[in-house]
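**Student:** Quick one: the structure is below, questions incoming.
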Amino acid sequence: MGRKAVALIVSSWIVPISILVNHIVPEPYMDEIFHVPQAQKYCKANFTSWDPMITTPPGLYFVSLAHVASLFPGIHLVNNASSFSDACSVSVLRFTNGVLAVFCSILIYDIITHLRPALTDRKATFHALVLTLYPLHWFFTFLYYTDVASLTAVLAAYLCCLKKNCWISALLGAVAVLMRQTNIIWILFIVCSEVIKLTLAQQKDDLLPEKSSMSEVKVASSTSRNGATSGSNLRKRRSGHVDTVNHSVAPTSVHAIPHSAGLCEEMQNMLSNIWQLKWELVFSFSPFFLILVAFLAFVYWNGSIVLGAKDAHKVSPHFAQLLYFSLVSALFMAPVHFTSGQFVALVQSLWKKKPFSFFQLVIALTISFLSVHFFSIAHPYLLADNRHYPFYLWRKVIASHWIMKYLLVPLYVYSWFCIFNTLVKTQKKIWVIAYFLASAATLIPAPLIEFRYYTIPFFFLVLHSDVDDTISWLLMGLLYVAINLFTMSMFLWRPFYWNHEPGLQRFIW
């Protein structure tokens, strides 16, 4: 078990399914009709021509160039490809995501073992495989979309930051932004997460002396919230090596706080420690600042966050999108959140904290009702394109009756409360707030309901949820397999025709 097992098992389903997809759907489909020709232009060294319908940067195309270059000798021998551009076929370009998905599965495993060092290799492998089966990630592994590359780059940047390699993390963060612009938010979240961990450093006894030695503080700073130092040492003994922490922050006086501290106390301590560590933090995270400056310069120069199709992707106050994300994410974790035990535990938690918890509940319900009433957007693409599953969810559920969108509000609120309740068990409260704000900043400006947008926040949610129950993970895996079988079967073997447009149409996320 371990990295090799994860890579081999993931490869065992990626290769045959990729062959099947390319056999049945050999031509570019949906957004591939924009991405594939653009990548093929790059293969011909034409870097000046750009399709105005493409909204994302060219990061995926550059990765594809490296991918095709690595395969070109073999393709030249087997298929007699006369030139590099001939090797940039649809199937080869699609397999870029297949290779990235294998790397992504390894990253998921490494992040799990870093955040939860007490997990056995067998459990860590199992959890990584289940997450790799997440339906939105799994499905687009077989098509030439930016989603897999985007997730892989963000997780790679996060893992490097967890290992204190901030400069490499920043470089990978720049790559992530080149895959998809909204990744700038998750790169900033990664920085925020690391700053929270450093400034609210916590030892095993939840307390650091006011005046501690430099070596003691380094140990406390490098200790993850999700595992005590002893657990980390246990894994290091298992793997036969000890990682060297090379982070530049080495404060002489950092005030740690107990896990049970309130949000205000956490913020007060964090701000105080940030001021003490200001120069160390500036030096450590300065490369991320350069990325932010470059991104803001791009937005100013471009006049928009998207490159093309600006009229169809205008920033809109789509607050209901955040509610859809909560329910979809909770449903993808249904064995954890939609159980009688979870419901009872949530009610008991609210009851213990009354009346403040009831006030929170009323505020959450009020804001959610206002969001679905005033800030629920039906994008023209959503209403017109019956190839996407959100089309049917909108038409058959949300818009089936005027009252339905209001009846769903309690489910949205319950989902967010479950998410918060799960995260706060293992994360600082201020970390949970930062996660919520990052999710909001990513999703609210998007006018179109696209479940693909939920992938990165979902992965951060699951990776930081302390779910140890093997039965829950098994049920999640079975749920993902069932959904994947259904969606891929519909895509491959249930095509249909449009009267107003020639060619086969297929169901897709």
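Cβ coordinates are placed from backbone N, Cα and C, and glycine is handled just like the others.
Keep in mind the model is a prediction, meaning the values are calculated, not measured.
According to TrEMBL:
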type	residues	note
TRANSMEM	5-25	transmembrane segment
TRANSMEM	59-79	transmembrane segment
TRANSMEM	91-112	transmembrane segment
REGION	218-240	region 'Disordered'
COMPBIAS	218-233	compositional bias 'Polar residues'
TRANSMEM	281-302	transmembrane segment
TRANSMEM	322-346	transmembrane segment
TRANSMEM	358-382	transmembrane segment
TRANSMEM	402-423	transmembrane segment
TRANSMEM	430-451	transmembrane segment
TRANSMEM	471-493	transmembrane segment
**Student:** Between 5-25, 91-112, 281-302, 358-382, who has the most Cβ pairs under 8 Å to the transmembrane segment (471-493)?
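**Tutor:** That would be 5-25.
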**Student:** Please report, as numbers and ranges, the same-chain residues at least 6 past the borders of the transmembrane segment (358-382) whose CB is under 8 Å from any CB of it.
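**Tutor:** For the transmembrane segment (358-382), the sequence-distant neighbours (Cβ-Cβ under 8 Å, at least 6 residues beyond its ends) are 312, 316-323, 350, 388, 390-391, 394, 399, 405-406, 408-410, 412-413, 416-417, 447-449.
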**Student:** By a Cβ-Cβ criterion of under 8 Å, what residues six or more beyond either terminus of the transmembrane segment (402-423) are in contact with it?
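**Tutor:** Distant contacts of the transmembrane segment (402-423): 320, 323-324, 326-327, 329-330, 336-337, 342, 345-346, 349-350, 361, 364-365, 368-369, 372-373, 376, 431-432, 435-436, 461, 464-467.
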**Student:** Restricting to the same chain and to residues at least six past its boundaries, which positions have a Cβ under 8 Å from a Cβ of the transmembrane segment (430-451)?
**Tutor:** 136, 182, 185-186, 188-189, 192-193, 196, 200, 225, 263, 266-267, 270, 305, 313-319, 321-322, 324-325, 328, 377, 379, 381-382, 389-390, 394, 420, 423-424, 457, 460-461, 464, 509
